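Here's the structure, in structure tokens; my notes come after.
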Amino acid sequence: MSASPAPEGQQQWKEYKNAEGRVYWSHVVTKQSVWEKPEDLKSPFERAMAKTAWKKYNSKGREYYVNSSTKETLWDLPTELVQLKEQVEAEAVKRREREHRKVTGQGTPTPPPDSRSPSPGSQSPAGAGALTRYRDSRSATPPVEVETVVIPPGGFTTHEKAEAAFIHLLKREGIDEKWTWDQTMRRIVQDPLFKALDTLAQKKAAFEKWLQQLTAEKQAKHAARIAELRPHLTRLFANSGIIESYSTLKTANQAFTQDKYWRRAEPEVRRELLEAYTTELRNREEQQRRQKKEANISALTKLIKGMDITVTTRWKTAHDTILHSEAFRKDPSLQSMETIDILNVYDNYSRQLEKEHDDESRRLHTEYKRRARKARDGFKDLLRELKTQGELHRTSKWKDTLPKFRTDERYTALLGLPGSSPLDLWMDEVDGLQIEAEEVTRKVENALRDAGKEPPKLDTTLDEFEALCTEANIRESPEHCKTAYEVIHGRLARAAAEEQRRAERKRRHRMEDLRDALKKVRTIEPETTYEDALPKMQDLPEFKDIVDEEDRRAAFDKHIRRLKDKSREAESSRHRMDVDDHDHRRRSDRDRERDRDRDRDYRRGEYRDSDRDRSDRDRDYRRGGEYRSSHRDGRDRDRERERDRERERERDRERDKDLAREKERDRERERERDKERDRRPRERGDNREREPEDPRDPKRRRLSESRSATATTKEDDREEGEI
């Protein structure tokens with residue numbers, strides 16, 4: 001009876017061939033197809049060979065072997081594989097003997113852990129080195145007979161003894177950490193000791209405990225092996241002069257083939273110790289590079305501070321300056337620096353310069369603003385002094401006030417500084433005085449209204465106003481009363497001037513309307529006098545709108561002057577046309593006479609022959625050229641005169657249109673102003689119109705704002721002066 005039944009996987013894989021004759025395998029359950037032979041179908045020798053560097057291939061029905069490491073190719077089975085095959089077969093014989101003893105009930109000696117059978121996935125180490133270790137371990141450690149463990153009648157008395165018996169079974173069967181629980185179950189399920197533990201969970205826990213024990217023992221053994229060989233191999237690496245930080249295991253194998261400590265070390269130990277040594281070398285080299293880099297950066301930072309590099313220096317200029325400096329060229333360590341490191345040093349130094357520059361700029365800006373603030377405070381004190389001395393009042397003008405402090409240090413210190421200018425501060429001060437005057441005026445007006453007094457008129461004198469304030473029991477100082485009088489009187493004077501200006505504009509508009517109406521009266525000639533034309537225009541509405549006889553006569557005289565100008569222009573144009581027409585008629589008569597002569601000669605049959613003298617031909621040619629030239633000149637002059645007349649008519653039409661548009665705009669503005677004047681009393685509620693006390697607005701605009709309004713002011717002035 002076999003200890004291990006036929007694997008189920010072998011029955012689930014089927015072998016097939018494709019159309020080209022190539023063999024592949026298919027799983028009947030999962031339907032998976034593979035070109036390589038499945039692991040379940042491989043023999044123990046094939047599994048062991050898979051762990052080596054040798055691979056088997058088939059070419060036209062003949063097998064050959066290739067070493068994947070050395071690229072060696074052989075037709076026959078290599079020596080290493082021959083020895084591996086013998087070893088696997090010997091292991092198979094021993095396994096069958098153990099199974100036979102189990103069936104007969106005979107105990108079997110348990111080999112030590114080093115002589116356990118390999119696991120299903122790794123029966124043989126890789127390559128010739130693995131085979132050598134396999135032989136050395138068995139020749140160095142002879143088999144040791146151990147006592148046979150059997151289950152006593154009634155079972156084990158304690159769980160610890162049962163667990164020890166189960167672990168004894170695992171040890172005897174060579175179960176190690178490479179085995180899975182399923183593989184272990186298939187291997188030991190028929191052994192009597194499998195029943196040492198009652199439940200499957202206890203058995204699996206014992207299996208896990210055994211694997212942990214094996215792993216701990218293996219790690220301890222590996223650590224001891226490392227500790228034993230580390231001093232020797234480390235000294236070997238250091239003294240050889242071959243191993244560098246980039247060296248590989250292949251280089252070490254070639255260099256230390258004859259060293260006894262290297263031969264004694266397993267490949268894993270060799271690799272681990274070599275990697276530890278090369279890692280230490282790399283760390284040491286990296287530390288040295290880092291220290292050198294830091295030293296170079298520190299030296300270059302000190303060097304760059306002494307160079308002519310400012311906050312505005314560009315990288316290209318700074319780089320050339322650094323490379324051509326004497327200290328840099330004499331220092332090989334600095335010359336070995338990479339460009340990126342030099343750039344980083346420059347970048348850090350540039351940031352430092354920028355920070356210092358920004359700090360200095362902020363300090364200067366703060367100091368500049370502080371100086372400007374102090375200068376403004378000083379100029380305000382100067383304005384207050386002028387106000388106290390009576391040299392600055394609400395009606396003061398800048399051009400009159402400036403000469404009083406032009407040379408004062410408090411004024412000159414403020415020039416050119418940011419913030420409010422001296423003119424702005426002066427305007428603020430004058431505006432404050434104006435606001436105070438308006439407040440005083442408002443109080444006086446309210447007191448007069450409450451007392452039932454009539455508001456002052458334009459012809460009211462200062463003494464009359466003071467008497468009026470006294471009668472109304474107004475408790476204000478004489479200065480305040482005088483200020484209120486000046487404000488009210490100035491307001492009334494400006495209102496009267498505005499009314500007069502509007503009346504003057506209306507007068508001009510009526511005169512323009514009369515002139516337009518006279519243009520339509522065709523019976524008025526340039527020689528017509530005012531008395532002769534009076535009956536013709538006295539019924540015109542525009543004539544009746546003008547009350548003043550002088551305005552009527554002035555509009556009529558201007559109309560007559562315009563008619564005379566047009567008459568002179570027309571006379572001059574007619575004279576030019578008459579001269580041109582006379583020349584044209586004279587040329588036309590000559591041409592008609594020539595045509596009659598030709599017709600008469602033609603009827604008589606008198607033709608000029610071809611032999612007439614050259615002088616006659618030349619004379620005719622000259623006459624013909626003169627005729628053509630004069631005829632062409634006449635046509636050009638006619639066209640030019642027609643164009644002049646058309647341009648004159650176009651100018652008259654445009655002039656009339658402009659005048660009509662201008663009058664319409666004036667009328668529209670006048671209507672808007674009348675509406676505004678009518679609306680103001682209703683909004684104020686007291687039927688009185690308040691205006692600023694002087695030509696400036698109560699809240700005057702700044703200088704920049706007043707400049708933007710210059711165009712509007714000039715336009716208003718121009719409209720007022722037009723007729």
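Just so it is clear, glycine is given a Cβ too, placed from its N, Cα and C backbone atoms.
Taken from TrEMBL, the feature coiled coil applies to 274-303 (among others). Nonlocal intrachain contacts for the coiled coil (274-303), taken as residues 6+ away from its ends with a CB within less than 8 angstroms of a stretch CB, comprise 230, 233-234, 237, 243-247, 249, 252, 322, 325, 327-328, 331, 333-334, 336-337, 341-342, 344-345, 348-349.
TrEMBL lists 423-450 (among others) with the feature coiled coil.
The feature compositional bias 'Basic and acidic residues' is assigned by TrEMBL to 92-102 (among others).
According to TrEMBL, the compositional bias 'Low complexity' annotation covers 116-130.
Look at TrEMBL and you will find 566-697 (among others) tagged as compositional bias 'Basic and acidic residues'.
The annotation domain 'WW' is assigned in TrEMBL to 7-40 (among others). Taking the domain 'WW' (7-40) as a whole, pLDDT averages 75 in the prediction.
Residues annotated as domain 'WW' in TrEMBL: 48-80 (among others).
As annotated by TrEMBL, domain 'FF' applies to 158-213 (among others).
In terms of DSSP helix, strand and coil, the domain 'FF' (500-562) has 47 helix, 0 strand, 16 coil. Per TrEMBL, the feature domain 'FF' maps to 500-562 (among others).
Here TrEMBL flags 92-145 (among others) as region 'Disordered'.
Feature annotation from TrEMBL assigns region 'Disordered' to 564-723 (among others).
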(request) Could you tell me how many residues in the domain 'WW' (7-40) are helical, how many are strand and how many are coil under DSSP? (result) 7 helix, 12 strand, 15 coil
